[in-house]
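Participant: Submitted below is the structure of interest, expressed as C-alpha cells.
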Amino acid sequence: METLEKWRNLCGVVKNPKRRFRFTANLSKRYEAAAMRKTNQEKLRIAVLVSKAAFQFISGVAPSDYTVPEEVKAAGFDICADELGSIVESHDVKKLKFHGGVDGLAGKLKASPTEGLSTTDAEKLSQRQDLFGINKFAESELKSFWVFVWEALQDMTLMILGVCAFVSLIVGIATEGWPKGSHDGLGIVASILLVVFVTATSDYRQSLQFRDLDKEKKKITVQVTRNGFRQKLSIYELLPGDVVHLAIGDQVPADGLFLSGFSVVIDESSLTGESEPVMVNAQNPFLLSGTKVQDGSCKMLITTVGMRTQWGKLMATLTEGGDDETPLQVKLNGVATIIGKIGLFFAVVTFAVLVQGMFMRKLSTGTQWIWSGDEALELLEYFAIAVTIVVVAVPEGLPLAVTLSLAFAMKKMMNDKALVRHLAACETMGSATTICSDKTGTLTTNHMTVVKSCICMNVQDVANRGSSLQSEIPESALKLLIQSIFNNTGGEVVVNKHGKTEILGTPTETAILELGLSLGGKFQEERKSCKVVKVEPFNSTKKRMGVVIELPEGGSLRAHTKGASEIVLAACDKVVNSSGDVVPLDEESIKYLNVTINEFANEALRTLCLAYMDLENGFSPDEAIPASGFTCVGIVGIKDPVRPGVRESVELCRRAGITVRMVTGDNINTAKAIARECGILTDDGIAIEGPVFREKSQEELLELIPKIQVMARSSPMDKHTLVKQLRTTFDEVVAVTGDGTNDAPALHEADIGLAMGIAGTEVAKESADVIILDDNFSTIVTVAKWGRSVYINIQKFVQFQLTVNVVALIVNFSSACLTGSAPLTAVQLLWVNMIMDTLGALALATEPPNNELMKRLPVGRRGNFITNAMWRNILGQSVYQFIVIWFLQAKGKSMFGLDGPDSTLMLNTLIFNCFVFCQVFNEISSREMEEIDVFKGILDNYVFVVVIGATVFFQIIIIEFLGTFASTTPLTIVQWIFSIIIGFLGMPIAAGLKMIPV
C-alpha cells in the first residue's frame, strides 16, 4: 500500500484525481480493513484465554442470569440474537454449557440438528428473519448520476476555464452590452457543460457495469439440510437454526457451532490475519463466518448471520477497498504525466509569446498605459487558449480508456461465461504465453461412470450390467465391497423432496456410489449398521482417503481405504481371490494387477483401488490410519469423457503462440491418453510424473521444462514449482486453472489464476482472478481472446489520441509564436478534446474481438506498449496534418480568394474544419495498426458508427449554426468538400505508412 501511495503522489499533472483514481484502490478503506483484522485477532486470542480459564472453575459457578426478551418469547424462541452472537464471537464455553450445549441451542432456536429448519410456516419464517436478521452484508450506496457530474467538474483545467468564462462574461457585457458581449463566455460555459455531461454519462454507465459484476462475484451456494432434505441454497438465504454441510475448501457462510464431523481444520487468516490453522471439534465448536475449511468435513448449526458477524463488518469495509491499478493503467498514467508536463510547458510559452506580442504592439503605438475592455478580453482569450492547450495536451483519457475498455470487456465476458474478479487479469490474459490446465472437469466433462472393474482378480465390463455382475462376485467379497463403498466416501445417497434417490458428492464419489447401488447395496442401512470411528478425507498429497469403522457383530474394528491405484496397491500385502478367499499377494498377482491398471489407464480411464484391513490390535481415534498391510478388494476404471471442442481450442492456442500444458493428479498413462485425445501431447513433448520432476536439479529443469506437456501424479507444490519456474526463469506469462483448495498456491503464484465455477471450491475462487463459470477449456481461450482485444483496442486509442495531441499542440504553439494569434479557439479545442478523449475512447476501446487476434503471437512480459509501428503511424499522420494546416495558414486566403474584414475568421474556420475531419478519418484508420483494410467489420461495431456519425453531425451544427459561440462562420459548399477531401487523404497516407517496415 505504501508503494501505491507513493506512486499516486508521483502522478503530478493530474487534472482530476477524483475521476482518475475512481475505479482503483481506495487506500484509506484498505488501512481500515487491516486494522479490523488486527483487532479481531486480539479479540479471539483473549476470548480463547478467557474460555480456558472459565473451564477450570466452571463446576463451581452458578448459571448466568439470562432472561429472554419479551418479543423473542412471543415469537416462540427461547434465545435472542445478541446472546447467540456473544456465545460464538467470544468463544464462551460457559454460556454454551448454560444453554444446554449445541443441541440445547438448536432446541431454543426451534430447529433440529438432524432435520434442520422447517420453513413450511411462512409467518414463523418472517419472524425468524426479523428477530435474527438475514445473511446479507451492508453494501455501499450506489452513487447517483449527479455525483458523477460533480466529480467530473472537479477537473482543475475546467475550473480555470470556468473562471475565465465568468470574467469574460462580465467584461464582455460591460464593454459590448448584452447579448453581444456574452457570446464568448457562454460558448466556453456550454462547452464545459457538454464535456462534463458526456464524461459523467460514460463514467456512470461504467459504475453500473461494475456493480453488476460485483453481484455476480458474490453468488455462493452451500449444501443445507432443511425440512429434512439436503439441498443447495444461496448463502444469502441462510437463517439461524439452519444445518450446513461443510467440506474441504468451503468458506464458512455464517457464525455457528460444530454439530458433527471429522478432523476439521479451519484457516482463520482471512478474518484475523493469523496463519496458524485451528482444530474444530466438540470441545472447541466455534466456527466463524468467512474462515475457510482447510481439511476435514462437518455439519454446523448456524447461529449468527449477516452484519452481526465480524466477517460482515469486515466485508462492508473491504468492498469499498476497490481494485488495484492494472499494469496498463500504471503505464498510461506515466505516459499521461510526461505528456502533461510537456503540454504545460508549451502552454506557458504560448501564453508568454501571445502577451509579449500584444505588448510590442501597444509599445509601438505608445498606449501601454491605456487599457480598453477589448484588450482585457484579448488577454483573457490568450489565457483561455493557454489553459485549453493544457486541456488538450494532458491525455487524461488514456488511463480512463483502460477502465472503459475493461468494463466493456468484463460485461461481455460475463455473457461468455467468464467472471473477471480483478480488472488487471483481463489485460494480462491478453499477453499470456502458457496455460497450465487441470485435466478433470476442465478438459473433461466431469460426468464420471465406472465402466470397467477388476474385482476378486476378475476383469469385467461394468457398463449397465449391475445385477449380472452382482451374481459373479462371491458373497463375502460383495459384502466387503459394498461396506467399503458406502462407508469410505465423502458423498451421500439421499431421498429428495420428490421421493427420488439422489447422489451428492464429487463426480468421482458419485460414480463409485452408483456402482454400489447397482450391486444391490442399501446406503442408509449400511451406514446405520456400522459406527464410524475416524475419517481421513481425501487430500492431494496423500492421494487417498480412509475410514475406520466398528463392525456390527462383536464390535471389532476395520479400516477401509481407497485412492490412486498404484499408491493403494503398494500398501497391500494380501488380495481377495476369485473364490472370495484372502490370499497373500505374490509377484504374479502384483504383476497381473499392475498390467490391469495400465490397461485401464491407456483407455483413458481413471483408476481407483479399494482395500481394507482388520485392526486386531485395537485403534484409538487420535492415531493415524495405518499406511500398509491392507487387503486389495478390487480396482475400478472410471470414464470421464473429453469435453467437445477442447481439441479445437488447444489447436487455436497453439496457432496463437500459447503453449498448453496439462497438470493432473491422475495416473501418467491416463493423463497421456487424454492429452493425446485433446491434442496437448505432441510427438516431441514430454510427459513426466510429479515425484520424478521433484528430484531434478535446476540445470536439468532448464532443459526439461520447455518440453514438458503433461505432468501426472503431481502434488500442489509441483504445480507451484512449475508455474514459478515458467514465470521467473523463462519469463513466461502464465495462466493456471484450478478447482481445489490445494491449487490456491499455484493460482496465487500465476499471473492469471482461473478457478472453476462449478467444481471449484470457495478457497480456489478467492485466490483466482477469473472464474470460468461453465468449467470449460474453450471459455479460457475466449478469455485470452478478450484480453488481447482489450490490449489492442487501447493501443489503437493511444495511437489516435497521441496524434491529435501532437498536432493540436504544435499548431497552436507555432502559430502563436509566428503570427501572434492562435487559429484554434478555446471552445474549438474543447470540442476537439471531447472527440479525442471521451468519444474516441468509446469508439475505439469497445471494438469486439475477431478471430484474427488469435493468429498473432502473444505480447509476453517484456513487450513495449507503444510499439514501433504505432510511433510510425503517429509521426506520419502528424506530419501530414501539420503540413496541411501550415499550408492553409500560409496560402489559404489567396487559394480561396478570401479578403475583407472576415477573411481571418473564414480561414480559421476552414482550418478548424479540416483539422476535425482529419481526426474523423484518422479514427477510422486507427481501427487497424498493421492491416491496410480498415473497413472490415466496421458495421458490426455500432458504437463506432454512432460516434463517427455524431461527430460529423455536431461539426456541421457548430460551423453552420453556432458561429457566435464557437468563433466560426458558415463555409461554402466548395470549402466543405475541400475539408472532407483533406481529411480523407489522411487514409491513403495512413495505408502507405503501414507499408513501411519497422
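Just so you know, glycine gets a Cβ as well, placed from its N, Cα and C.
Taken from TrEMBL, the feature domain 'Calcium-transporting P-type ATPase N-terminal autoinhibitory' applies to 2-32. According to TrEMBL, the feature domain 'Cation-transporting P-type ATPase N-terminal' maps to 99-168. For 219-317, the entry in TrEMBL reads domain 'P-type ATPase A'. For 822-996, the entry in TrEMBL reads domain 'Cation-transporting P-type ATPase C-terminal'. The feature transmembrane segment is assigned by TrEMBL to 156-174, 186-204, 338-359, 379-409, 869-888, 903-921, 942-967, 973-993.
Help me picture where these features are in the structure shown.
Facilitator: Looking only at the domain 'Cation-transporting P-type ATPase N-terminal' (99-168), the predicted model's pLDDT averages out at 87.
Tertiary neighbourhood of the transmembrane segment (156-174): same-chain residues 15-16, 180-186, 188-189, 192, 195-196, 373, 376-377, 380-381, 383-384, 387-388, 390-391, 394, 826, 830, selected by CB-CB distance under 8 Å and a gap of 6+ residues from either end.
Long-range neighbours of the transmembrane segment (869-888) within the same chain, counting only residues 6 or more positions beyond its ends whose Cβ lies under 8 Å from a Cβ of the stretch, are 795, 798-799, 802-803, 806-807, 810-811, 814, 823, 895, 907, 910-911, 914-915, 918, 922, 925-926, 929-930, 982, 985-986, 989-990, 993-994, 996, 998.
Beyond the transmembrane segment (903-921), the same-chain residues lying 6 or more positions past its ends with a Cβ under 8 Å from any Cβ of the stretch are 804, 807-808, 811, 821, 823-825, 828, 831-832, 835-836, 880-881, 884-885, 888-889, 892-893, 896, 948, 951-952, 955, 959, 963, 967-969, 971, 975-976, 978-980, 982-984, 986-987.
Within the chain, the transmembrane segment (942-967) has long-range Cβ neighbours (under 8 A, six or more residues past its boundaries) at 183-184, 186-187, 190, 825, 827-828, 831, 835, 839-840, 842-844, 846-847, 905, 908-909, 912-913, 916-917, 919-920, 923-924, 927.
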Participant: Under an 8 Å Cβ to Cβ limit, what residues of the same chain, 6 or more beyond the ends of the transmembrane segment (186-204), are close to it?
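Facilitator: Here the qualifying positions are 19, 22, 143, 145, 148-149, 151-153, 158, 161-162, 164-165, 168-169, 384, 404, 826-827, 830-831, 833-834, 837-839, 841-842, 962, 964-967.
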Participant: Taking DSSP states H, G and I as helix and E and B as strand, how many residues of the domain 'P-type ATPase A' (219-317) are helix, strand and coil?
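Facilitator: Within the domain 'P-type ATPase A' (219-317) the tally stands at 18 helix, 48 strand, 33 coil.
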